[in-house]
């Protein structure tokens, strides 16, 4: 990818001459879609990023959000970040995914925080295809290797399979960091005369041009031709960098910081000084390297991993070098900050190779004004399938099957904060410093947003909010990773615009500020574009660290809240469902609750009540899959659903309208009272010790023992 003619003319007009080779490469990368958001930034103003809890919102390496404290708890902040490593994970699934983890962890470090939790949201082609399974295995291995080695637990996430990811999988990784308020730093340069210090791994040639590579469609030969653009990670160096960063903060040696990610040293250093309104003079010869004969462009743009650039006061430079040596990390004093109004200058072998205004380099790219086509609306055209066949196919589909094969590879209890483990609706982390439980949910459903981008994205936000509420937490803040195909195609851009608006509207309705995020476009290949995919990572807060489990106790009554179709008030729709993915057909997307905020807040309140023995949200696969996930060898369930004027048994059991939760409770009347005027409460039956699941709808019955259900749900384990 090279600088376009129009961009080249703009650069020449601004700087008054032809750019040097190094300058042209910098503009090419920093003005790429990956860095400049040229096609997406005009849409992102739809998001509400403000709130009393927001300390630092979008624009930095990670967002900073304050937590409520309980009891004798202290004031604490968390950082939230998310990034994509999509193209690299197709070319090299292990290293592509591993370095995605490393990058988002360093974004956390650059705010002064210590990383305490990861979430991975993964999207692949049809599970039946060998190439999809190869990518799946490699990505999971890369994430588990890197996360386990650095001691950061992967506690939640999602996995989805869809034909349209065959030529371009998605790997979205989110990180939560814990931060004492007084340790907060930013990526905004502070003071002329301060030094720029590069700490971490030596610089090589890996990852060259990674930002521009991520801004193009994947070519047919990408797995071989684009391998040099994929970074190679070293988690052991990352662990040392994490601890070195803590030591630097302990001694208050850091004025500002930036992770070296997209566009490498050139991107990190120019962005840092631009945010501070300063200039800089950098000597590229001073960069510690691991390969000989590197040129200026390679020093600037290599995306070698495990590197940070720090702003350090001159009197503190020697101490920073001592601490870096203690942790066996390289350290180079590469330059210094200069007065406002001066340029970003880089020299190499005594010659000036870059001399430009950092603000123009970082923010001068013109935005794209692209046409968009609204996605077509789908109408009902559904096949007739027996209830047993539908249940077995859907419960055993990779999208609804157990993901234990994935999360059992992760060390999800390191740091001893995880009180609700992977496999539940949301993870729950004990923030003992504040006396606060932090619920964490992340994911999206491509079936939803493929069928209806706007409505599906609203459902993604509601589902993640319902996940944390089902564990008794109130939604607090979110970050998003917006993935789309080639925005130059009007139908693709129309779908992308739909997910942006849908996610923004529902988060606003829920009063959840979207405090940061990432955009990944050009996820397109010879197989076509991906479905528009709005990954959301959302946290909720509660007092204490206990939550009702997903699994039944076998001792209570079962109720579902928010299921208006079972009450005969709405038409159950199968649009975007696993039912239509398995059997074909189309339908409209489910209508969502009118007042989602009241529903979610009441779910959180009820989930924390003493009479609640278990809780589980209803979403992927519908009510039947939710019940199948709740039964186990020690507890079964008997469910009977009466006749309604709306919906066949299949539509009642397999529609995926979010905002519903199944509670096992010893006091159904208390649940009904809590939801009076908020959402309907429908009694389903009882949990018991029958070792089976019986569901009767309109005189049709499903009857399975839990061993058979476990066998159906083990398809990923069985295959891999």
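Backbone N, Cα and C atoms are what each Cβ position is placed from, and that goes for glycine too.
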- Note on the structure: Note: Swiss-Prot has 84, 85, 86, 87, 106, 303, 304, 305, 520 binding substrate, and from 190, 231, 378 that site also includes 231
- Item | Listed in Swiss-Prot for the ATP site shared with 37, 480, one of 73, 516, 517 | 517
- Note on the structure: Least surrounded, by Cβ count within 10 Å, of the recorded positions 34, 85, 106 is 34
- Spatial neighbours of residue 517 (ATP binding site) among the recorded positions 34, 86, 106, 303, using Cα within 10 Å, are none
- Message: Counting only residues 6+ away in sequence within the same chain, which have a CB under 8 Å from the CB of residue 37 (ATP binding site)?
- Response: 44, 519
- C-alpha spacing of residue 518 (Mg(2+) 1 binding site) relative to residue 480 (ATP binding site), in angstrom: 6
- Message: For the ATP site (37, 480, 517), what does the 8 A shell look like? I mean other same-chain residues with CB within 8 A of the CB centroid.
- Response: 40, 44, 47, 58, 479, 481, 482, 516, 518, 519
- Taking the Cβ of residue 83 (Mg(2+) 1 binding site) as centre, how many other Cβ atoms lie within 10 Å? 24
- Item | DSSP state at residue 106 (substrate binding site), helix/strand/coil | helix
- By Cα geometry, the one of the recorded positions (83, 85, 107, 259) nearest residue 305 (substrate binding site) is 259
